[in-house]
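J.: I grabbed these lines from TrEMBL:
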REGION    1-23  region 'Disordered'
DOMAIN    27-62  domain 'Fatty acid desaturase N-terminal'
TRANSMEM  55-74  transmembrane segment
DOMAIN    85-346  domain 'Fatty acid desaturase'
TRANSMEM  86-105  transmembrane segment
TRANSMEM  177-197  transmembrane segment
TRANSMEM  226-244  transmembrane segment
TRANSMEM  250-273  transmembrane segment
Amino acid sequence: MGAGGRTSVPPPSKKSEDDSVNRVPFEKPPFSLSQVKKAIPPHCFHRSVLRSFSYVVYDLTIASILYYVATHYFHQLPSPFSSLAWPIYWAIQGCVLTGVWVIAHECGHHAFSDYQWLDDTVGFVLHSALLVPYFSWKYSHRRHHSNTGSLDRDEVFVPKKKSSIQWYSKYLNNNPLGRFITLTVTLTLGWPLYLAFNVSGRPYERFACHFDPYGPIYSDRERLQIFLSDAGILAVCYGLFHLVMAKGLSWVVCVYGVPLLVVNGFLVLITFLQHTHPALPHYDSSEWDWFRGALATVDRDYGILNKVFHNITDTHVAHHLFSTMPHYHAMEATKAIKPILGEYYRLDETPFYKAVWREARECVYVEPDQVTESNGVFWYNNKLDD
């Protein structure tokens, strides 16, 4: 979201896909976080208000142009070109709005500017417009970054142990049709199910919901901002209701609804592929530490979409190590840290549409094995008939 783990000397040629699934080291790394940070040019940590806003303006300008063309010209096209134009609009607009989502994600990490109030204002507006509860997600996502790779405390796409796998998993994952159904449901409903019911999230002692200010996800000092997140979502829904009354349901679905489904699908896909890979370890509380957990993620290649998505896809390792770094410096930082990380860095250049099918097939549950000689280190497996 292939090449394998990188050494300090770049390989002479691209590695095979088999290399990309070779396991990364799980031992404590021979380098420290400070050593990794020193390898990055200092300017990479500088946040520019003007430069950050330039990406907001650029994305929203492209989205506005696409909207204008769709609403003013599509109906003038002769059949069947009008029907063909809408799916193209949905795909492109969904990708552009995913870029907007990423900028709001930057705000949640305080990577947009040096001013927390400005980051929260921009993030709140952009995420609310995409029906994302900004502060609710910000706090749960922060806990994900604090507990990445932990089987006990990570927040999203927490892998199941073999003992927790349901009986029907063999029918869903061991045949192409079942896998296709699982992926379809995950990519279309996964995001709202996560927000509303904490599906794929860590287990809590009681019902967890991103819209519930008094839920177990949040602390007492965060609850007021969860109310504010809910108010932002309700305000946007109110506006959409009036649009439906004025323009009709089909107009709102075509112009806004379907692109939003594309955004949600890419969000789930990107997150899934960043943290689900046969080469990555997961740790229980006996082995986990923050540094090794942060390294247990993978950079992916989405082709031209890397730029559209502001490189959240192919700089994710650097992002987990230094989450307040602006996205426009992440590529330079990634190149700088590769020689330090060596085999602890993983880039998989498998096309994302192939990778998601492979990971859905191979990464069904996690368990320790004899290779690691540690019961606290878990690896993905898919053998359900044992």
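Each residue, glycine too, has its Cβ placed from N, Cα and C.
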J.: May I ask for the residues of the chain that lie six or more residues beyond the transmembrane segment (250-273) and have a Cβ under 8 Å from a Cβ within it?
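T.: 1, 67, 70-71, 86, 89-91, 93-95, 97-98, 101, 130-131, 156-157, 186-188, 190-192, 194, 240, 243-244, 298, 300, 309, 312-313, 352, 355-356, 359.
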J.: Quick test of the contact rule: Cβ under 8 Å, at least six residues beyond the ends. What residues does that give for the transmembrane segment (86-105)?
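T.: Distant contacts of the transmembrane segment (86-105): 52, 55-56, 59-60, 62-63, 66-67, 69-70, 74, 112, 122-123, 126-127, 129-130, 132, 134, 141, 254, 258-263, 265-267, 305, 308-310, 312, 327.
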J.: Summarise the domain 'Fatty acid desaturase N-terminal' (27-62) by DSSP state, stating how many residues are helix, strand and coil.
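T.: Secondary-structure breakdown of the domain 'Fatty acid desaturase N-terminal' (27-62): 24 helix, 0 strand, 12 coil.
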